[in-house]
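Let me begin by presenting the structure, written as structure tokens, before commenting on it.
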Amino acid sequence: MKNSIKNIFESERGLLLLPFVSLGTPNTQINKQAIIAMDKNGANIIELGIPYSDPVADGPVIQDAYNKAIKNGVNIRKAFKILMNLKGKIKSPIIVFIYYNQLLNYGINKFLEKLIQLEVQGIIVPDLPYDESQILKKKCTINNIALISLIALTSSFSRIKKIARNAEGFLYLISKTGVTGGTGKLMNKLKIIIKTIQKLTSKPVVVGFGINSRRQIKQLIEWNSNGIVIGSPCVQILLQSSKEVCVIKLSGLIKQIKESTSSTSN
């Protein structure tokens, strides 16, 4: 399997859009339609979260989505069925967001074999410390799946250097302390870390956690970020809108964000 994440960053200009939704929200059929709609309306790469009962990195919106999906019977196997139904229907590379215990319980080798079958391009394991990730990284590299590394605002220079120089796919820079979602002004420290990373590696820098406004997007373009992850706003639409209109609303949000990334970069 050829990994297309690198090609996306090389071929697309400006700030790339990486929307996130939880698999199975609000139900499997509408979830599939929502993912296809994100692809058609401007997503460059799509992140998909596998529901988990203890998502320590996620805020209340995504926690709620995971809990509801689990109550509806969505587990790893059902998540894979949704992914199988997406094969050939979207052009954006898919990255799966999964917690480490889920991965261990399912079996790492079996999980990676399934990702290859489903043509998934990358994996994010938010609760796996970088220093403990080498075995998984080696297995991912062999299978041409990018294990995406995360960098926190609190990371030391030596840690940033180590992670940046061994990164695959892109570097996921967490824009704030705490969990996903929420609002607020971006810290100036983020600008410094983006600059630091880009001096250490040619790998793209993608910023996520709490990105939800045009002002933030404008700042990140000025700070030379290569991409943004938009998660909670997308999930919130699937949770709070009626089933008849949630895909339409999500399509509108993706279009609006895509226009912001384009218009502010001109």
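Cβ coordinates are placed from backbone N, Cα and C, and glycine is handled just like the others.
Of all the Cβ atoms in the protein chains shown, 25 others lie within 10 Å of the Cβ of GLU47 (active site, proton acceptor). A strand conformation is recorded for GLU47 (active site, proton acceptor) in the three-state DSSP classification. What Swiss-Prot records for GLU47 (among others) is active site, proton acceptor, and it gives sequence analysis as the kind of evidence.
Summarising the annotation, Swiss-Prot assigns active site, proton acceptor to ASP58 (among others). Over all protein chains present, the Cβ of ASP58 (active site, proton acceptor) has 26 other Cβ atoms lying within 10 Å.
Annotated pair GLU47 (active site, proton acceptor) and ASP58 (active site, proton acceptor), C-alpha to C-alpha distance, rounded: 14 Å.
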